[in-house]
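K.L.:
One structure, as structure tokens, below. Some questions next.
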């Protein structure tokens, strides 16, 4: 008669089989179900999600195995809004506990895509008839910059946007502008008209005396070479000012 072969739990490892049977299955982390539910809520009604929930969703790709809600809330507490989170300096984003360089890179990628998307709505198009799109683009590109930027939109004879360039970047409250350089660049691009744009990091788009004086100098320099300055727009965090609309040029 063949001898029964011992198995673990039949003498050599008493109770081993029972232990295996009693070992509970590993449960999913608490955030796993939350992620699925949040994704479904986004599919059903994206506008119903709070800002921190949208950030949570965005962080899922960068943070695979952790709860992203505390990080999303920490980002908003630190920077103030989704727009300010996306435009915050990469090194400051990385300092948020749980974020690090991977999250910082992910957020800067989204910022770059958003800016390029807005830019595509105005490039090589007649901009004077699409003024809202121009303002939306400039707001996306400049409203939350921490330093002043002086941007020039160069137009051809049909008022189509042929180039968009940041000519100068200054401090928190000043950007040096050189009319001769602006006109020179317009001639190089064969532009017949330009729109001047700069931001106020303070958030208030009200033109200063220096803004008005500089604009008049630029208008005169451009006029001498048959280049039209259509407007000078100042971008704030929650609005803009048009020197043309204010009858300051």
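Just so it is clear, glycine is given a Cβ too, placed from its N, Cα and C backbone atoms.
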K.L.:
Among 170-183, 184-197, 198-211, indicate the range for which Swiss-Prot gives the feature motif 'JAMM motif'.
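P.N.:
My reading of Swiss-Prot: the motif 'JAMM motif' range is 198-211.
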K.L.:
Out of 198, 200, give me whichever of these binding-site residues has the highest number of other Cβ atoms within 10 Å.
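P.N.:
Result for the most crowded candidate: 198.
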K.L.:
Near residue 211 (Zn(2+) binding site), which residues of its own chain have a C-beta under 8 A away, given they sit six or more steps off in sequence?
P.N.:
198, 232, 234, 243
K.L.:
According to DSSP, does residue 198 (Zn(2+) binding site) sit in a helix, a strand, or coil?
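P.N.:
In three-state terms, residue 198 (Zn(2+) binding site) counts as strand.
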